[in-house]
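A short write-up of the structure that comes next.
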Amino acid sequence: MHVSVVGSGYVGTTIAACFADLGHEVTSVDIDEDIVAAVNDGDAPIHEPGLDPLVSVYGGDRLRATTDYDTIRETDVTFLALPTPKNDDGSIDTSIMEAGAESVGEAIAEKDGYHLVVVKSTVVPGTTEDTLTPLVEAASGKTAGEDFGVAVNPEFLREGTAVDDFMEPDKIVVGTDGDGRALDLLAEVYEPLVLQWDVPVFETGPREAEMIKYANNGFLAAKVSLINDIGNICKEFGVDAYEVAEAIGLDDRIGEQFLRSGVGWGGSCFPKDTSAIIQHARDAGYDPRMLEAAVEVNERQPERLLSLLDEHVEAEGDRIAVLGLAFKPGTDDIRNSRAIPVIEGLRERGAEVVAYDPVAAGEMAERFPDIEYAESAAAALDGASGAVVVTDWDEFGTLDEEFDAMEEAVVVDGRRIVERREGITYEGLTW
Ligand SMILES: NC(=O)c1ccc[n+]([C@@H]2O[C@H](COP(=O)([O-])OP(=O)(O)OC[C@H]3O[C@@H](n4cnc5c(N)ncnc54)[C@H](O)[C@@H]3O)[C@@H](O)[C@H]2O)c1
Ligand SMILES: O=c1ccn([C@@H]2O[C@H](COP(=O)(O)OP(=O)(O)O[C@H]3O[C@H](CO)[C@@H](O)[C@H](O)[C@H]3O)[C@@H](O)[C@H]2O)c(=O)[nH]1
């Protein structure tokens with residue numbers, strides 16, 4: 001099968017390389033010429049474990065990148081993996097998706113046979129039927145359901161484990177209006193995965209498929225916020241939230257995953273998606289109190305971390321180490337990282353901030369060019385009067401005598417990764 005993928009970012013590049021690995025011919029379309037050149041040279045344009053080997057094998061061969069939308073015409077199915085950022089009021093900005101839908105429509109206008117357009121990006125319920133499909137129809141002069149099909153197929157991969165998540169998914173959600181040709185084509189695209197892992201394919205309507213993605217992310221974000229809320233209560237009473245989480249996670253109805261309390265969630269998805277669905281619900285007249293509370297608890301965690309530091313250190317004029325800048329380990333992505341409000345809070349206190357991250361320092365230096373970036377955790381800790389841990393990189397779990405080089409060995413751990421020991425004034429955020 002010949003598949004095209006529009007957008008070569010985290011999702012687009014991952015799924016394009018994986019489709020090639022599943023045996024499909026793949027054409028990637030992106031407006032960024034550097035990204036296109038990189039893919040054709042066999043270089044992954046993003047940092048993602050397991051992606052380099054795939055792009056180096058298939059890039060320029062079974063996976064070809066281009067800036068030319070017209071190439072879509074030669075393919076059977078097009079996945080739209082374009083960004084859906086948020087507007088200033090928190091609502092979803094679908095303008096890039098709309099531009100993509102129009103370009104796809106123009107490209108298939110001259111096509112004789114059926115073409116399938118698949119919305120892979122995260123869009124609020126109704127976007128595909130009410131906005132994107134009419135745009136493809138207008139640009140192509142064709143009729144949806146007759147000349148071309150439309151499906152919603154949200155993506156659940158996580159950054160840092162994107163390739164594995166895509167290649168071995170928990171589920172594949174397919175939203176159509178019952179168009180048998182669309183279902184058959186998607187079944188063919190995913191057949192190798194479904195056969196190998198016996199993956200459940202959940203067939204539903206387009207609006208349901210769109211909502212399932214927000215429900216999934218909203219539920220997970222709220223789960224972390226709930227364990228953070230419980231963790232904050234635990235801290236007040238000297239209870240270890242991690243022991244509590246371990247016990248409640250044994251209940252199948254709760255489940256053991258996503259119970260790591262700490263400084264909260266960040267990244268490119270949870271913040272923007274909770275915000276988009278909250279705003280979409282409000283626009284419809286419903287006030288989604290649980291999701292609003294999940295966001296509020298999340299926003300408070302960095303300040304709680306700094307309050308614990310305040311109990312031990314007069315930050316003004318002091319050197320304070322920030323360990324971890326990425327929004328989670330395994331990535332250089334700092335979008336909505338909890339390190340951002342932590343650094344801002346330290347600067348408001350007049351602290352001299354020295355930051356360390358194994359891969360994300362370069363990204364953070366663009367955001368905060370005038371703080372110090374250390375080459376190692378040891379260098380960051382040297383001479384510091386306090387340290388805050390923001391990202392749970394494994395290497396922070398092996399730190400030990402490095403703390404002895406601190407001016408004052410005060411460690412406030414936002415991820416329960418540092419070993420508590422004598423000689424360190426240790427504060428866990430929720431334990
Ligand atoms: N990042 C994730 O982990 C993840 C996981 C699941 C779902 N999603 C969703 O997938 C979508 C894509 O997210 P992403 O993180 O891959 O985005 P991204 O910002 O990493 O990549 C988007 C790509 O689209 C390209 N682009 C922009 N405008 C274009 C246009 N008009 N035509 C062609 N290419 C264009 C950009 O150059 C970029 O390479 C979003 O809706 C997101 O919410 C993301
Ligand atoms: O127990 C936990 C689990 C996660 N987090 C934090 O939650 C955030 C998000 O983590 P994770 O979900 O692993 O990363 P993402 O790559 O943002 O993936 C989420 O967002 C993607 C984009 O929509 C979805 O596809 C994925 O299914 C969904 O997990 C990070 O800041 C983590 O530090 C915690 O604080 N405690």
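Placed from the backbone N, Cα and C atoms, the Cβ positions cover glycine too.
According to TrEMBL, the protein has these features:
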- Asp30, Thr84, Thr122, Glu159, Lys272, Arg335: NAD(+) binding site (BINDING)
- Phe156, Leu157, Arg158, Glu159, Lys213, Phe258, Leu259, Arg260, Ser261, Gly262, Gly266, Lys328: substrate binding site (BINDING)
- Cys269: active site, nucleophile (ACT_SITE)
- 321-420: domain 'UDP-glucose/GDP-mannose dehydrogenase C-terminal' (DOMAIN)
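What TrEMBL annotates, mapped onto the structure for a quick look.
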residue: Asp30; record: NAD(+) binding site; DSSP (3 states): coil
residue: Thr122; record: NAD(+) binding site; DSSP (3 states): coil
residue: Phe156; record: substrate binding site; DSSP (3 states): coil
residue: Lys213; record: substrate binding site; DSSP (3 states): helix
residue: Ser261; record: substrate binding site; DSSP (3 states): coil
residue: Gly266; record: substrate binding site; DSSP (3 states): coil
residue: Lys272; record: NAD(+) binding site; DSSP (3 states): helix
residue: Arg335; record: NAD(+) binding site; DSSP (3 states): coil
| Rounded Cα-Cα span from Lys213 (substrate binding site) to Thr122 (NAD(+) binding site), Å | 7
| Candidate recorded positions Lys213, Gly266, Cys269, pick with smallest Cα gap to Thr84 (NAD(+) binding site) | Cys269
| Hey, what's the Cβ neighbour count for Lys213 (substrate binding site) at 10 Å? | 24
| Cα of Arg335 (NAD(+) binding site) to Cα of Phe156 (substrate binding site): how many Å, rounded? | 18
| message | Quick check for the class: what is the C-alpha distance, in angstrom and rounded, between Lys272 (NAD(+) binding site) and Gly266 (substrate binding site)? | response | 9
| remark: A correct count of other C-beta atoms within 10 Å of the C-beta of Arg158 (substrate binding site) gives 16
| said: From the DSSP assignment alone, can you count helix, strand and coil residues within the domain 'UDP-glucose/GDP-mannose dehydrogenase C-terminal' (321-420)? | reply: 32 helix, 18 strand, 50 coil
| With respect to ligand 1, which members of the binding-site residues Asp30, Thr84, Glu159, Lys213 satisfy a Cβ distance under 6 angstroms to one of its atoms? | Asp30, Thr84, Glu159
| remark: Phe156 (substrate binding site) sits from Cys269 (active site, nucleophile) (Cα to Cα, rounded, in Å) at a distance of 10
| task | Report the mean pLDDT of the predicted model across the domain 'UDP-glucose/GDP-mannose dehydrogenase C-terminal' (321-420), rounded to a whole number. | result | 97
| task | Could you list the residues of the same chain, at least six apart in sequence, whose Cβ is under 8 A from the Cβ of Glu159 (NAD(+) binding site)? | result | Tyr10, Glu48, Gly267, Ser268, Lys328, Gly330, Thr331, Asp333
| query | For the binding-site residues Thr84, Thr122, Ser261, which one has its C-beta crowded by the most other C-beta atoms within 10 angstroms? | reply | Ser261
| request: Ten-angstrom check, please: count other Cβ atoms within 10 Å of the Cβ of Leu259 (substrate binding site), all chains counted. | output: 20
